[in-house]
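First the structure, in the form of structure tokens, and then the observations on it.
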Amino acid sequence: MIRSIIRGYGAALPKRVMTNQDIEAIVETTDEWIVQRTGIKQRYIAGEGETTSSLGELAARAALENAGIQPDEIDLIIVATSTPDNTFPATAVNIQNRLGITSGFAFDVQAVCSGFVYAMATADLYIRGGMARRVLVIGAETFSRILDWTDRTTCVLFGDGAGAVVLEAGEGEGKTSDRGILTSNLRSDGSHKDKLYVDGGPSTTGTVGHLRMEGREVFKHAVGMITDVIEAAFEATGTTADDLDWLVPHQANRRIIDGSAKKLGIPNEKVVITVDQHGNTSAASIPLALAAAASDGRIKKGDLVMLEAMGGGFTWGAVLLRW
Ligand SMILES: CC(C)(COP(=O)(O)OP(=O)(O)OC[C@H]1O[C@@H](n2cnc3c(N)ncnc32)[C@H](O)[C@@H]1OP(=O)(O)O)[C@@H](O)C(=O)NCCC(=O)NCCS
């Protein structure tokens with residue numbers, strides 16, 4: 001059977017670092033409060049000329065180089081983002097153009113913080129369906145541009161960045177020892193849409209709007225939703241938490257990550273954490289964390305890796321893969 005195997009990975013961050021101390025000068029908050037409630041110590045903020053597509057392009061180029069393939073060998077680009085350069089065209093075609101690719105096809109996926117998990121599941125279906133052999137899956141965001149920088153309950157939490165992987169069709173035997181994506185589980189429940197949203201848009205206000213969140217409500221649902229899809233992934237593959245080499249969670253909040261891992265019986269040493277350095281970069285957080293843990297040698301060929309995310313909508317999901 002066909003499996004979608006990660007052949008390369010890459011990451012890109014804006015030049016400017018904003019520490020918690022820098023934020024203390026903007027809103028009434030403290031480094032201590034932010035670290036204690038979220039684990040975040042700093043985040044990267046896009047400057048002039050840095051956009052979702054420019055960061056996405058850099059991450060994509062790094063992933064292509066890591067995979068050892070040329071841009072024109074890609075036949076599908078999927079970009080997970082909630083902060084596109086423009087309402088349309090898709091940021092994916094913008095990045096396609098930046099990479100000099102004029103073949104194949106490209107589109108965006110919008111599932112907020114779950115975007116990368118949704119995009120990986122989508123790419124896997126295109127590969128297994130035979131419509132694409134090599135897919136660039138990119139998570140890229142500039143959330144700093146939709147933050148209300150006077151609202152301390154949200155502006156301290158998010159950051160900008162991009163990460164990418166090259167997925168390639170390979171042969172598998174239909175076993176969990178196969179390399180590649182083994183299962184994907186996606187969920188959404190729009191009855192929670194007002195708990196984490198942007199208060200503007202083309203069809204309502206005609207403006208871009210700002211991010212609004214009922215933080216406590218999001219927190220309340222997060223651990224249960226995350227552990228639910230992870231358990232579904234274990235069940236679908238007959239694997240358990242003991243088989244897992246790495247949990248690579250969406251990096252929203254250290255307390256949510258720790259709570260989920262604890263509930264599943266996954267020890268801290270197996271959890272990749274970047275939220276302290278990057279903040280919550282929404283759809284970019286998982287590929288940024290993957291790139292960090294693969295480039296420093298933690299994630300190795302053959303490792304069993306669980307990706308999970310939960311975000312606005314609510315949307316949530318998990319992808320289990322063998323590296
Ligand atoms: C946002 C979050 C960190 C807030 O932590 P919390 O413990 O729930 O805090 P609360 O919202 O109950 O606020 C507690 C107090 O801190 C204050 N506060 C809020 N933001 C603050 C900040 N940046 N600095 C200092 N104090 C702050 C509140 O005003 C409140 O004060 P009060 O008790 O005088 O009213 C937490 O709810 C959370 O992590 N939620 C999930 C958010 C998330 O991950 N979203 C993305 C999902 S993809």
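Placement of Cβ uses the backbone N, Cα and C atoms for every residue, glycine included.
TrEMBL: automatically predicted annotations, no manual curation.
Features of the protein shown, as given by TrEMBL:
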{"type": "DOMAIN", "residues": "107-190", "note": "domain 'Beta-ketoacyl-[acyl-carrier-protein] synthase III N-terminal'"}
{"type": "ACT_SITE", "residues": "Cys113", "note": "active site"}
{"type": "DOMAIN", "residues": "235-323", "note": "domain 'Beta-ketoacyl-[acyl-carrier-protein] synthase III C-terminal'"}
{"type": "ACT_SITE", "residues": "His250", "note": "active site"}
{"type": "REGION", "residues": "251-255", "note": "region 'ACP-binding'"}
{"type": "ACT_SITE", "residues": "Asn280", "note": "active site"}
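Features per TrEMBL, on structure.
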| residue | record | DSSP class |
| --- | --- | --- |
| Cys113 | active site | helix |
| His250 | active site | coil |
| Asn280 | active site | strand |
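Using a Cβ-Cβ cut-off under 8 Å and counting only residues 6 or more beyond its ends in the same chain, the region 'ACP-binding' (251-255) has close neighbours at 37-40, 113, 157, 219, 222, 273-276, 278-281, 285-286, 288-289, 310-311. Residues of the domain 'Beta-ketoacyl-[acyl-carrier-protein] synthase III N-terminal' (107-190) grouped by DSSP class, helix first, strand second and coil last, total 26 helix, 34 strand, 24 coil. Ranking the active-site residues Cys113, Asn280 by how many other Cβ atoms lie within 10 angstroms of each Cβ puts Asn280 at the bottom. Predicted-model confidence for the domain 'Beta-ketoacyl-[acyl-carrier-protein] synthase III C-terminal' (235-323) is 98, expressed as mean pLDDT.
Reported as a whole number, the C-alpha separation between Cys113 (active site) and Asn280 (active site) equals 9 Å.
Around His250 (active site), the same-chain residues six or more apart in sequence whose CB sits under 8 Å from its CB are Cys113, Ser114, Phe116, Val117, Asn280, Ser285, Ile286, Glu308, Ala309, Met310, Gly311, listed in sequence order.
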